[in-house]
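**Student:** The structure follows.
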Amino acid sequence: MANYFNSLNLRQQLAQLGQCRFMDRSEFSDGCNYIKDWNIVILGCGAQGLNQGLNMRDSGLNIAYALRPEAIAQKRASWQKATDNGFKVGTFEELIPSADLVLNLTPDKQHSNVVSAVMPLMKQGATLSYSHGFNIVEEGMQIRPDITVIMVAPKCPGTEVREEYKRGFGVPTLIAVHPENDPNGDGLDIAKAYASATGGDRAGVLQSSFIAEVKSDLMGEQTILCGMLQTGAILGYEKMVADGVEPGYAAKLIQQGWETVTEALKHGGITNMMDRLSNPAKIKAFEIAEDLKDILQPLFEKHMDDIISGEFSRTMMQDWANDDANLLRWRAETGETGFENAPVSSEHIDEQTYFDKGIFLVAMIKAGVELAFDTMVSAGIVEESAYYESLHETPLIANTIARKRLYEMNVVISDTAEYGCYLFNHAAVPLLRDYVNAMSPEYLGAGLKDSSNSVDNLQLIAINDAIRHTAVEYVGAELRGYMTDMKSIVGA
């Protein structure tokens, strides 16, 4: 199989990268009726598989799970979860031939083998769906021409998909139709109905392409979503301990600090996050963020270049073929870091303290979001896609670190995301270590001295303008406003 993106000419590549349209709520007036009586079979019962299935069943659809015979015979976790929730479970041979819609929600590295196994069993004219397009775009999987191929990709972990649905809402969702596999011209209708069944239409749906989803998703998870958080945690902890901060407190300030500062980001973007700082702290966070961007911009651009060219996928798939040797080694090394092994502190930290003593953390988030967003847009990815793969998902990943540090983050994210995170982290740590070590303790761990809160008015005005007037802030305000409006409509 050859990389699908690389098989296209430049004009086709740019057209696919630039596909992104925020769909109007009225386009989902038919709900999930288009697939109401279909037999829908889900492959994989992990977080996305189980929670999407629960939502779709609650929306009135017919859901079953196809598992490998050994998973059923040995009553593995996937079988246990599906049966505990009252779903019909069977083998591929038992369920796939009668399926109208097959949802491939298995891990990326299993896609080629899984799709190769189910395709001969799928009936003429059936539909195959993905929640991530890596197999189609990077591996170049070719699907039988009579099969419709779609994507429905909720922009959050599977548990959040379920919780938001139970609240009567949903999560922002990306949908796409593979242009090589839309024989009946109804791929978009199927994807819309599927997204509606999971609750995605209540939060906002982007009509995109397989290529735009893959390239932006890989970039976001490698840089701001995982790589920057891991790098900041490791270096920030080392810095505080070297400055004499008690290890448990240092770890807690970072572990819970990521979640606290990105909660402000979630509600009001970079502007709101920065406004949580005092005026002197805001100025310093802005200056640090500018320094970080200068240092890291070439690394962000290299990751984007390697993602666009297919170099990242090529090297990662080599590691797949080598039994994940690099991934497993890097995972073990992360588990040995000081941050991961620091004692758990029971000391209470007030919410505002995470901002006051975490100026560096705020600067890392600001720099990472802006760099990731701007780098994606400069590569031809539309702003809305870049926003969802940078600022929007950052609080969701920070929440995982708040539970069990980097271990939890790397368990929850895909192996593809984890591999890319380690690549970024290994390059970013040596780039930033001297800068972080040279910082004043006031910027992480101690907080600014209370002697004066005075600032230069003109400097503050200029910095406030620079914070507010960026593309990521403009598009973020628009998309967050849409979600707020939708919550009001759904709750009415």
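Each residue, glycine too, has its Cβ placed from N, Cα and C.
Okay, so Swiss-Prot annotates it like this:
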- HIS132: active site (ACT_SITE)
- CYS45, GLY46, ALA47, GLN48, ARG68, ARG76, SER78, ASP108, LYS109, GLN110, GLY158: NADP(+) binding site (BINDING)
- ASP217, GLU221: Mg(2+) 1 binding site (BINDING)
- 15-208: domain 'KARI N-terminal Rossmann' (DOMAIN)
- 209-353: domain 'KARI C-terminal knotted 1' (DOMAIN)
- 354-486: domain 'KARI C-terminal knotted 2' (DOMAIN)
**Student:** Residues with Cβ closer than 8 Å to the Cβ of HIS132 (active site), same chain and 6+ apart in sequence?
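**Tutor:** The answer is ASP108, MET151, ALA153, GLU213, VAL214, ASP217, SER414, THR416.
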**Student:** Which one of the binding-site residues (ARG68, LYS109) has its C-beta surrounded by the most other C-beta atoms within 10 angstroms?
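**Tutor:** Top count of Cβ atoms within 10 Å goes to LYS109.
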**Student:** State the three-class DSSP label for SER78 (NADP(+) binding site), counting H, G and I as helix, E and B as strand, and everything else as coil.
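**Tutor:** Helix, per DSSP.
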**Student:** Can you give the largest Cα to Cα distance in Å, as a whole number, for the residues CYS45, GLY46, ALA47, GLN48, ARG68, ARG76, SER78, ASP108, LYS109, GLN110, GLY158 that bind NADP(+) in the record?
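**Tutor:** Among the residues the record ties to NADP(+), max Cα distance equals 22 Å.
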**Student:** Count the Cβ atoms, other than its own, that fall within 10 Å of the Cβ of GLY158 (NADP(+) binding site), considering every protein chain shown.
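**Tutor:** GLY158 (NADP(+) binding site) is surrounded by 22 other Cβ atoms within 10 Å.
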**Student:** Could you state the whole-number distance in Å separating the C-alpha atoms of GLY158 (NADP(+) binding site) and GLU221 (Mg(2+) 1 binding site)?
**Tutor:** 16
**Student:** For GLU221 (Mg(2+) 1 binding site), which of these binding-site residues sit within 10 Å, Cα to Cα: CYS45, ARG68, SER78?
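**Tutor:** Within 10 Å of GLU221 (Mg(2+) 1 binding site): none of them.
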**Student:** Of CYS45, ALA47, which of the binding-site residues has the most Cβ neighbours inside 10 Å?
**Tutor:** CYS45
**Student:** May I have the DSSP-based helix, strand and coil counts for the residues of the domain 'KARI C-terminal knotted 1' (209-353)?
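**Tutor:** Across the domain 'KARI C-terminal knotted 1' (209-353), DSSP assigns the residues as follows: 122 helix, 0 strand, 23 coil.
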**Student:** Pull the DSSP breakdown for the domain 'KARI C-terminal knotted 2' (354-486) and write it out as helix, strand, coil residue counts.
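**Tutor:** So the counts come to 106 helix, 0 strand, 27 coil.
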**Student:** State the three-class DSSP label for CYS45 (NADP(+) binding site), counting H, G and I as helix, E and B as strand, and everything else as coil.
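**Tutor:** Reduced to three states, the DSSP call for CYS45 (NADP(+) binding site) is coil.
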